[in-house]
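Noted in TrEMBL for the protein shown:
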BINDING   ARG17, ARG28, ARG35, SER73, ASP75  alpha-D-mannose 1-phosphate binding site
BINDING   ASN103, PHE115, ASP117, THR120  Mg(2+) binding site
Amino acid sequence: MGLIKLPKKRGTFIEFRNGMLNISPIGRSCSLEERIEFAEIDKKEKIREKFVAALQKEFAGKGLRFTRGGLISFDIFPEGWDKRLCLDVLEQEGLNAIYFFGNETSLGGNDYEIFEDPRTIGFTVYSPKDTERLCQELFFNTPPNEA
């Protein structure tokens, strides 16, 4: 991580979460403006993609999975520990449909597997407002302030 050249680095770079590591080359404490700046640099220079490729090579055969997470990070977790873990429990509840909203739904994103799972109805979203708009369209006839 020390070899990555960025205009700014802020705060925690490796975060231990339940069952996974979240790695952020710019750091978790960056501002929204810095997140957007990093995302633009990352699109051009493929910082996370190269970082993941190096880790995949280093840890090949170790049963680990690497996926993009949001604008500034990627996740590392054991194979099979992706977001689909909840689907078996939800299926047992007898739900008619399981809707999923995610922003990293393309191959390599941390929402890809659950988005593509045949047990879900998946939607790609780009912001909380986008999610809110879709939920209004799907589940409610009138906006909450008009009810």
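From the backbone N, Cα and C atoms, a Cβ is placed for every residue, glycine too.
Whatever TrEMBL says is automated annotation, not expert-curated.
Keep in mind that this is a model prediction, so the values were computed, not measured.
Nearest neighbour of THR120 (Mg(2+) binding site) by Cα distance, taken over the binding-site residues ARG28, ARG35, SER73, ASP75: ASP75. For ARG28 (alpha-D-mannose 1-phosphate binding site), the nearest of the binding-site residues by C-alpha distance turns out to be ASN103; the candidates were ASN103, PHE115, ASP117.
Closest to ASP117 (Mg(2+) binding site) in space, going by CA atoms and restricting to the binding-site residues ARG17, ARG35, SER73, ASP75, is ASP75.
DSSP gives ARG28 (alpha-D-mannose 1-phosphate binding site) a coil state; it is part of no helix or strand.
Under DSSP, PHE115 (Mg(2+) binding site) is assigned to a helix (H, G or I) in the three-state scheme.
Taken over all pairs of the listed alpha-D-mannose 1-phosphate-binding residues (ARG17, ARG28, ARG35, SER73, ASP75), the Cα spread reaches a maximum of 20 Å, rounded to the nearest whole number.
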